[in-house]
Amino acid sequence: MNFGVSTSTDIAISIPSLHLSSSPLSFKSSATISLQSPRFRNAYFGSLFFGSRRIARRITTVETRQCSSKATDDDFIIEDVPHLADFLPDLPSYANPLKNSQAYAIVKETFVKPEDVVAQKIVITKDRSRGVHFRRAGPREKVYFKSDEVRACVVTCGGLCPGINTVVREIVCGLNFMYGVDDILGIVGGYRGFYSKNTLQLTPKVVNNIHKHGGTFLRTSRGGHDTNKIVDNIQDRGINQVYIIGGDGTQRGAALIYQEVAKRGLQVAVAGIPKTIDNDIAVIDKSFGFDTAVEEAQRAINAAHVEVESVDNGVGIVKLMGRYSGFIATIATLASRDVDCCLIPESPFYLEGTGGLFEFIEQRLKENGHMVIVLAEGAGQDYIAQDMHTVEEKDASGNRLLQDVGPWLSQKIKDHFTKVQKMAINMKYIDPTYMIRAIPSNASDNVYCTLLAQSAVHGAMAGYTGFTVGPVNSRHAYIPIARVTETQNTVKLTGRMWARLLASTNQPSFVTYNEALCEDAANINNAEISTQL
């Protein structure tokens, strides 16, 4: 299989609509093939013509970070995911057992059509390209595994996040209830569990109540990824479906596993379910556990507000998660309405001088007698490094070890107002980080986790591999793993969401428009660098 190499082939089709499966396609090479053929789905990077509309098609492999072609006017780009038949061309297919499922018996359209795609952009202008589209998630009419021949495994990696157990439960129940799969293994302790031979036999009965508990039933670890050892053990154990739950580092590991599986020509579907409480996964609308984190953060913010409102010159600081992306802090601030200032990694701030944080705190204390600051854990790291002369270190996953900004900022504020301003203040500091990470998912995230798990199961059974799943504009889609690991999602300082926050808190922005543009560009660049570590 050729990784990182794209070919371009023009395809002529006479039908004026997007019903791709109804007619054969004629290639310049005189080959005839149907779009339903899995070999077509990923072997070609070409252009389809439907009536007068040009449709560009591209495949993002694990080594292809960006495609070289550009969409011309009226282009319709499908960014597709790999399929087992790409490197196993003689792989047989079977009728999907969902046809006989009681649950799907009354569904009007049981199966997703081959031509169904999800648009990455839903707001476009008249004369611009329609942009990138992804293959819609859901059950297919044909599957590439017999249910009694499936041996699936589930592994959880990285940090904790509300909803992990729900995803594990729904993968197991989805495989068993929808497809009749009985042989499902739980890999214990993250990637290391593959070659440590730590496994659990998972059944619907075993996982029935795990969604009611926080953490991960399968336990987790950081690092420990050894591609050859992992694939050796997948091969030795006869596993043919691998479901990997984890963040961007974990998904990069999943991409390497898929690449090695394809290289060896194994019939093994590799499906990723993106997990990050910070909501920093690119492309998808949001990551599971995020809603729960924002909701639980309200408790800490409310507690801080009650504390500082009850004393003179009360200053409350609440530190929330957000290593590179300040989404939890931003959305929790917008939801609370009790927050006076929100500090996130994407936006630099300064303490002293006109327009600085100290000046704003003094102003709020004079006006209201108290204030609440919400602080993302990754905020102000460069400021602290300069102040404390620290040396950058990394954890087992390759993430930069952060300095604890909460106590640092608390002490800076206290020193300034007691020593410089000669003003007595009551400082209250709350860090609910591990309390939030460890709780079960709320109702909204439970539903979301169910959709993620079932979509992953449908995709693997349909023969897709090297993909991750998630909502794009509220519609679940299969996305090439390379797309969600090439960069991180960050709060855009020039976007409307940040503007809404500034309007809500009436805090200083700390940056000008031109500086914000530079910061947005720098955040994107830093995120891309961090995903390569």
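Glycine too: its Cβ is placed from the backbone N, Cα and C atoms.
Copied over from TrEMBL, here are the features:
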- 152-458: domain 'Phosphofructokinase' (DOMAIN)
- Gly159, Arg222, Gly223, Gly247, Asp248, Gly249, Thr250: ATP binding site (BINDING)
- Asp248: Mg(2+) binding site (BINDING)
- Gly249: site 'Important for substrate specificity' (SITE)
- Thr276, Ile277, Asp278, Met321, Gly322, Arg323, Glu377, Tyr434, Met435, Ile436, Arg437: substrate binding site (BINDING)
- Asp278: active site, proton acceptor (ACT_SITE)
*Of the binding-site residues Gly159, Gly247, Asp248, which sits closest to Met435 (substrate binding site) by Cα distance?*
Gly159
*asked:* Between the two most separated Cα atoms in Gly159, Arg222, Gly223, Gly247, Asp248, Gly249, Thr250, the residues recorded as binding ATP, what distance in Å do you get?
replied: 12
_Can you check which residue among the binding-site residues Gly159, Gly223, Gly247, Gly249, Gly322 has the largest number of Cβ atoms within 10 Å of its own?_
Gly322
*Any idea which of the binding-site residues Asp248, Asp278, Glu377 has the thinnest Cβ neighbourhood at 10 Å?*
Glu377
*Of the binding-site residues Thr276, Gly322, Glu377, which one sits closest to Gly223 (ATP binding site) when you measure Cα to Cα?*
Thr276
_Around the Cβ of Arg222 (ATP binding site), the count of other Cβ atoms that are within 10 Å_ = 20
*Distance from Asp248 (ATP binding site) back to Thr276 (substrate binding site), taken between C-alpha atoms, in Å*: 8
*Could you list the residues of the same chain, at least six apart in sequence, whose Cβ is under 8 A from the Cβ of Arg437 (substrate binding site)?*
Gly159, Leu160, Cys161, Pro162, Gly214, Ile277, Ala293, Met321
*Segment-level pLDDT (mean, integer) for the domain 'Phosphofructokinase' (152-458)*: 94
*Rounded to the nearest angstrom, how far is the Cα of Gly247 (ATP binding site) from the Cα of Asp278 (substrate binding site)?*
10
*List the residues of the same chain that sit at least 6 positions away from Thr250 (ATP binding site) in sequence and have their Cβ under 8 Å from its Cβ, in sequence order, or write 'none'.*
Cys157, Gly158, Tyr191, Ile244, Gly272, Lys275
*Cα of Glu377 (substrate binding site) to Cα of Gly247 (ATP binding site): how many Å, rounded?*
18
